[in-house]
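Questions regarding the structure given below will be posed in turn.
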């Protein structure tokens, strides 16, 4: 829920004691003059902590030391971490350069650079190395004196030249080789030994990670306290301070008690006209999960009702409908339970991880329920007479629709009988549903009526969910937007009238027993009544400008139709799952299992992407349009950061 926040003026003497007490209370956000910037100490500690955290990705758990080898101050620890990190980087770069140099001079063989220098000093003869392009079949030896062939490598011929020899620069290229491959390998071995020592030491410093984390928390607390104190205005030769701050209304009593104990005067003041009042949300249970989703897109304004619970429940329904597979839901459920057990220590100290796993578990349960209601399980075709199908929601509604068709004989019934004459003799809903036939271009016999009915039912459920979802949002916001009531009436009337206009049968006819002709006529008039109420509400609220409310009819229609994505995405996932199962049957069991695993893995990934993106989109775009202002900013009260120690790896 959203808790109101009021602006207060504080005047007192004991500035340090007051701000320290407010930090412990965590109910006041002080209006700072400048934006909070991390101090040099905070940046250094954060960088050092980041370096230690990255060790878990570079080294195995057995390499990291968890027992401290001695006492180190924070500054000593940071300096050693930075020095070691710099040295490791430098040595690693040197090893890469050495590796390239070894590769370059390897064809020259082993020689002593010291002996070459002595030879040059004693005789004055230089020793140089050259290479030329290797030509297959050409002689390797060179006719020039004091030019000796060494080796052929990398499609080049290598030579050593003693003394001054005139070689064609068009053919030969000199290669600098101050050290031989053997000398380079000795240096490489030395650097590798040094690198191992440095890495071993930095792994030992991992044991000090908790101390560094505590130091970071302490520095952050001190930094925020100083920043809050800097927001005050000193009066009467710095003997009195004044400060402005936002106070959580539900905790005003605690703030007043604190002020009385320190002799601080507080008075409520009005916010500036252009000032953004911060938003404070406080949720528990499912509402807390919804709050995490709400913060992804935008922050509610201070005038908004908290949409957290609404968003989560809607997302739960949308995600379940898009996944539309009980098998996938079982995988989500099992995975969340396994991770909750496997990472139970981390869950205790990570609120975000705890919320994610809880949400994943609930969504998995929703997918199981909706997949069971639509008889969808890993894309497997369920028999029309299976008990699993007979107790499903789609089967129940299909039976109701078949019963209505046989009783009322609407236009849709006549079209089906014309296309499938075998239906003419069917007297019971079950016989009518399960009658076998072939579709155009298809030679496989199947219950065509059953498939048509279930597809239409799922599509209409998606539209019905859209109407209900938008109506709830409009009613929730009707005090801020008077026309919302009219649009709710308009959508209800349109839902009753459109089946008559399209000469189709709707859920309201065979499930809710709304008379076909009468319901359509009532819906026709209710549609225009709702449109009139919407325009009237707009005029009452905005004057003559409210006449443009009539143009919103297109927006309302398009928003309702946007919910068809629930049906389209679920149908796409079901078709992919079914295709995977059909393909696997054409191969051997071993290959078939691989196809099933790969195909369903890809389908699950795509389904999750669609469920998350479109499940949230229907909330943030369609629903927010009628029930959300947004543009707010979260309240950040001054409070002490409590260091949560992580578990040992």
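Including glycine, each Cβ sits where the backbone N, Cα and C put it.
Quick caveat, the model's predicted, so the values are computed rather than measured.
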Between the candidate ranges 455-475, 623-643, where does Swiss-Prot place the transmembrane segment annotation?
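Residues 455-475 are the ones Swiss-Prot records as transmembrane segment.
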So if I exclude everything within five residues of the ends of the transmembrane segment (312-332), which remaining residues of that chain have a CB under 8 angstroms from its CBs? That is, six or more out.
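Same-chain residues near the transmembrane segment (312-332) but 6 or more away: 286-287, 289-290, 293, 359-372, 374, 376-380, 461-462, 465, 469, 566-567, 569-570, 573-574, 577, 600, 604, 607-608, 610-612, 614-616, 618-619, 623.
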Does the transmembrane segment (520-540) make contact with the transmembrane segment (485-505) through 3 or more Cβ pairs under 8 Å, each pair 6 or more apart in sequence?
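Contact between the transmembrane segment (485-505) and the transmembrane segment (520-540): present, because at least 3 Cβ pairs are under 8 Å.
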